[in-house]
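Below is one structure, written out as structure tokens; comments come after it.
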Amino acid sequence: MSPGFRRAVTGQGAAAAVQLLVTLSFLSSLVKTQVTGVLDDCLCDIDSIDKFNTYKIFPKIKKLQERDYFRYYKVNLKRPCPFWAEDGHCSIKDCHVEPCPESKIPVGIKAGRSNKYSQAANSTKELDDCEQANKLGAINSTLSNESKEAFIDWARYDDSQDHFCELDDERSPAAQYVDLLLNPERYTGYKGSSAWRVWNSIYEENCFKPRSVYRPLNPLAPSRGEDDGESFYTWLEGLCLEKRVFYKLISGLHASINLHLCANYLLEETWGKPSWGPNIKEFRRRFDPVETKGEGPRRLKNLYFLYLIELRALSKVAPYFERSIVDLYTGNVEDDADTKTLLLSIFQDTKSFPMHFDEKSMFAGDKKGAKSLKEEFRLHFKNISRIMDCVGCDKCRLWGKLQTQGLGTALKILFSEKEIQNLPENSPSKGFQLTRQEIVALLNAFGRLSTSIRELQNFKALLQHRR
């Protein structure tokens, strides 16, 4: 430090210098040390995930999300909160979800569950809005009677399965089709006590945690003086692998959602036209190791852990989609083939990843205890999916429901290995099935994680540019 600089940093200048040093310290810790290295509870390093996602997964999953089979999602945003009296929905205009009018939805999508791979439709590759949806292809009427009977069996099986999340009844009058591309996940202004109540309920009541242990930075917890959260992590490390994994999945999902909000933040609005983009200040508020007392980097590591879990699920479910009987049907033969080819290409990439999480390490104890723990795990997660109906912002609720359903589908896949291995090639299996709703949620949820990791790289670059 030069003599001139020493003289300058007095009084208010000293405060400014300290702030500058804090910023540089954040950059250094984030880029070089805090979010690097090997993840806990697995043998994968963050740098390998970054490269794999950037060069193999992200470009393809982004294209897949733009395919019409994966862009339409039927969801009930009017289900009442089952846990407390919700004090109304968010009135902020950016919270609003614009559904596709029923009359605009292609016939192929409205066909319902009688043909589970024919519930999306498109014949145009560039669809600007729902107004053009009626141009899409209709259902292929050349299905054999045998296939139609098989589809009925599939629907029966779907209704009887034990899911890891609460599924919306697509036949409910309150369920609506939403074009995900027209309703992107981004910062809406939804915050405060309502948002905190949702996440507090998730963490405090559904993460195998006693009430006497408080997670760090919980604004609803009683004051703990100088406690920086180490007591929480001491407790967490003392848990079995399965319960640690559960917490990391929820924390990773929370981190991913926060990254989306920071990356697509309402920066300004002029002449009624909003401008969205990355907000570095908001990113620092949520992830800066200084501002979050070390929590930010832990959250980001949990994001990578969640990415590994869903990546593993995609690699395990590949045989299900590789069968000739599975066709992501839209009514346009050429487009159908392209969509499936792209999906299978993504599956091939997921199988090539060399450092997968080993799900066999979970629920590996005595059979009775493992079965009981697995059921508790499933019910806790299913409860979290129900909490998403308590989110006051419609757009936040939409993406919260989709991403919890996607993770729930991933967990269902990971714990159905034997059923997937025994799938028949040319006929439906009663041992394992996925609904179209689950397929759309699974791939879009993983796409959100892939985007989160890509956005994290963008924030690192922005911060480095500011040095």
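Cβ from N, Cα, C; glycine included.
Residues or ranges marked as signal peptide by Swiss-Prot: 1-33. Marked as disulfide bond by Swiss-Prot on the basis of similarity to another entry: C81-C390, C90-C95, C90-C130, C100-C262, C207-C240, C393-C396. Per Swiss-Prot, N-linked glycosylation site is recorded for N122, N140, N145, N383, and the stated evidence type is sequence analysis. The FAD binding site annotation in Swiss-Prot covers R186, T188, W199, S251, H254, R286, R299 and rests on similarity to another entry.
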Could you check what DSSP calls C393 (disulfide bond) once collapsed to helix, strand or coil? coil
Other CB atoms, at most 10 A from the CB of S251 (FAD binding site): 23
Taking each of the disulfide-bonded residues C81, C95, C240, C393, C396 in turn and counting other Cβ atoms within 10 Å of its Cβ, which one has the fewest? C240
Among the binding-site residues listed here (T188, W199, S251, H254, R286), which has the Cα closest to the Cα of C81 (disulfide bond)? W199
Cα-Cα separation of C207 (disulfide bond) and S251 (FAD binding site), in Å? 10
Any idea of the Cα spread of the FAD site, R186, T188, W199, S251, H254, R286, R299, as a max distance in Å? 22
Compare the Cα of N383 (N-linked glycosylation site) against each of the recorded positions C100, T188, W199, H254 and report the nearest. W199
Sequence gap of 6 or more, C-beta under 8 Å: which same-chain residues meet both conditions with respect to C262 (disulfide bond)? Y187, P278, N279, E282, F283, R286, E455, F459
Could you check which of the disulfide-bonded residues (C95, C240, C390) sits closest to W199 (FAD binding site), going Cα to Cα? C390
